[in-house]
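A.B. asks: My questions all concern the structure below.
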Amino acid sequence: MSTISPPTTKKIRRCFFVSLAFVIVVPLTCIVLGVTLHPTEFQYNPPDPSLNRTIFLHADLISADVKQGSMVLEWIVTGDSCASCTDVSCAAEGCSNVNIYFDSNLLHSDSGNSKSTNNRPVDPTFVWNATASYNDEFGNIPSFQTELAVIPPLSVDYSQKHLVRHTRSSEVYYPFDRYLAEIFGYAEDATTNATVSLDLDTTSGLAVGLKISADTFQNDDPNIVYVEVTLQRGTLVIWHCLVITITFWLVTLTICLLMIMTIGFGFQQRNEIVVVPVSTVFAFTQLRSSMPGAPDGFGDILDFVGVLPCLVLLSISAVTMVGIYLFTDPSKDSREKLTWSALVEALSRHRNRPVESLETKDTSAMSYGMLPLSTSENASPGDLSSAYSSKIL
């Protein structure tokens, strides 16, 4: 015969199914969100190619470092409309060399010896030799790298105040910060200096924790490549930071309530709870470092609205909760316990008190209305006083 009561059996059954659903649904949900919301691949929709001779390029994103302010792209020349290709081979007779230029002021440079100028570039970034690429098997692979500089947006009104606040191009606004990198390239015939169309045909690549997209600038010249690359934090990174910040506040407010109950009103508290604020102060700093791509040290917007005020409140709670042992023992039985049932009872009494007083007033009024009257239409003062005295007694 079972010794477990039917209510307990139902409770155990509900606990089992809820726990089973939790361990199945929550991991699957997290996996699906991680697969679907992770940063997508570097994508770019090219414009319609030119009818003239065109050099086709493929850009592969190698790395993007917001802290260093640089983004590395690997470029590969994938084709030349001058060459005539069949299923077997390609012929590039009569195809002259092409110089490919990129705006050097948009590239990241660590050397301080080079002079900056807004003149037209003189030295090409890459020289494309179609004959060597198609006919010489010992020729080098037609690829090169550029390190783009991560810069604030150029198409803004610099006369307005709080420019960084509008563009959010600073780590202070982590994880809502946003950065730009611009690509400006063109090509010229090495013999005649005539313009050759340059087409960014395809792109690929991923960056850890960053969502990267590319947009084409509206330009009347279809022969150049003018692309704006936007770098911002991934959706999962933003949600991760927000959840951690909310957790900071929930834990901090709970500990502050424990401090108010124990120190302010002298309720009994267990010893293991009293030392929780001390360990939480150090745990918060470790949890903050788990934010992907967070700035070194403290100073971003989440620190000012989350971590720093929570650390201040936790430090005060830790000092007061530990310092109480200098004067008393918060776990001794002489202190009154604050339980959930006692709190509900106290709140219910406070809520019902006005109703009770109102009922008392109604009873008094009713007692005056129910006084016995004499057979005459109006009672005499003696009858009223005697009836009132008997009512009091």
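Each residue's number is its place along the chain shown, starting with 1.
In case you wondered, yes, glycine gets a Cβ from its N, Cα and C as well.
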A.B. asks: Labelled transmembrane segment by TrEMBL, one stretch among 18-34, 171-187, 273-289. Can you tell me which?
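C.D. replies: So the range that TrEMBL calls transmembrane segment is 273-289.
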A.B. asks: What range among 42-63, 130-151, 196-217, 372-393 does TrEMBL describe as region 'Disordered'?
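C.D. replies: In TrEMBL, residues 372-393 carry the label region 'Disordered'.
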